[in-house]
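Taken from TrEMBL as is:
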- 1-10: compositional bias 'Acidic residues' (COMPBIAS)
- 1-23: region 'Disordered' (REGION)
- 31-60: domain 'Dickkopf-related protein 1/2/4 C-terminal subdomain 1' (DOMAIN)
- 63-111: domain 'Dickkopf-related protein 1/2/4 C-terminal subdomain 2' (DOMAIN)
Amino acid sequence: HGATELDEVGTEVLPRRTPAPAWLPTTKGEEGDFCLRSSDCAAGLCCARHFWSKICKPVLREGQVCTRHRRKGTHGLEIFQRCQCAEGLACRLQREHGPPDTSRLHTCQRH
């Protein structure tokens, strides 16, 4: 049943339309849509790795956990990338009561 349907669909004649150039996206990607770069995503989203592809993910807000990269180039090694902190926020070591440096958790904080 399934194979027959596929054969029928494959032989249909579709109306010819002039496709938009591949480099000119028709709409900006929403959260979870595949992307190549952040400019492919709607406002408030960035393009970040998710497994072996890239999808539009939300830019981080104040208090959300962020990733601080010690060495340049390590961002590409992550399998689940996070977006950068939103404008006006920086990824800093979370301040906690107690001995300094007990937590390695970084969060988006106001400058």
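The backbone N, Cα and C atoms fix where each Cβ goes, glycine too.
Panel annotation: around the domain 'Dickkopf-related protein 1/2/4 C-terminal subdomain 1' (31-60), residues 25, 66, 76, 78-86, 89, 108 of the same chain, lying at least six beyond its termini, place a Cβ under 8 Å from a Cβ of the stretch.
Residue counts for the domain 'Dickkopf-related protein 1/2/4 C-terminal subdomain 1' (31-60) under DSSP (helix as H, G, I; strand as E, B; rest coil) come to 3 helix, 15 strand, 12 coil.
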